[in-house]
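Some notes on the structure that comes next.
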Amino acid sequence: MDLGEFEADNSVSCRLASAIPDVCKTEDCCLGIDEAGRGPVLGPMVYGICFCPVAKKEALKDLKVADSKTLTEAQREDLFRKLDEAKSFVGWALQILSPNTISTSMLQRSKYNLNALSHDAAIGLVQFALDSGVQLKEVFVDTVGPAEKYQEKLSQRFPGVEVTVRPKADSLFPIVSAASICAKVARDHSVKDWNFPEDLGEVDADYGSGYPNDPKTKAWLLKELDPVFGYPQFVRFSWSTTQTLLDSRAVTVHWDDDEEDGEKAAARQNNTSMLSYFKTGSKTSAQQGNTHQTHRFFTERRLQSLATL
């Protein structure tokens, strides 16, 4: 699988796709949707679709596709090769969501959670297939969140298409299994061959599966943590695993933002805010009984603080 377009800039999301089989533009088709890499703290999340004519469902079964999680890496690679070679009637497309995209989306002020990201990626891929001329009749989806609500959402978005959303759809429908294999192979390749754009020198590539409970991943996160700069963009900063490590092992940084006004910031730093000199109703030094001598700049010009105008 060629991920060159994503590898050229893995800080942003990327869409990759096969050629659209001519038969998919003239016959009713079914399409499956699944993802890989939802849970890991490292690397991208990949959404995949696979589609073929409804009349070719049995031919897809003959390829012996199965849920990618039940297959070895070698088996997934072999099945993806077969799917790619069946280009006369099978097509696929991928939406690779970079870890940087996931982090910035989930940490922005207007929260954009992982479920919303997943739904939008799936919707975008279905729309891509339709825009490419695929005659969609049926769509099968491995659920994210409550299946009934997700199915209703997709049905409203794509009227005229029969949508089926089920838990574990990748083990129920071969077309979803095929999508699962495409997504998993893409994620495996991207993680294995990750290009670190940061100038980090030699980076230990033995980071395991990327899941937070993987001992190799845990060890890598501890080893690669920089106390000032944190982690490279390979890491999802929005994961609690990352935030816990940064809070406990990195230098504490306070970011001034619009939610903290100048006076609060000054008080935190044990300084006086410039705004305090312009507060309505503030008392003069004499009224406060302050014995601090006024600077000559003010006395020479006969300037004093006023409570009212």
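Every residue, even glycine, has its Cβ placed from backbone N, Cα and C.
Residues or ranges marked as divalent metal cation binding site by TrEMBL: Asp34, Glu35, Asp142. The domain 'RNase H type-2' annotation in TrEMBL covers 28-251.
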Out of Asp34, Glu35, which of these binding-site residues shows the lowest number of other CB atoms within 10 Å of its CB?
Glu35
Please list residues from the chain of Asp142 (divalent metal cation binding site) whose Cβ is under 8 angstroms from its Cβ, counting only those at least six apart in sequence.
Ile33, Asp34, Glu35, Val165, Arg166, Pro167, Lys168, Ala169, Asp170, Val176, Ser180
Taking 8 Å from the centroid of the Cβ atoms of Asp34, Glu35, Asp142 as the cut-off, which other residues in that chain fall inside it around the divalent metal cation site?
Ile33, Ala36, Tyr47, Gly48, Val141, Val144, Ala169, Asp170, Val176, Ala179, Ser180, Ala183
Give the mean pLDDT for the domain 'RNase H type-2' (28-251) on the 0 to 100 scale.
92
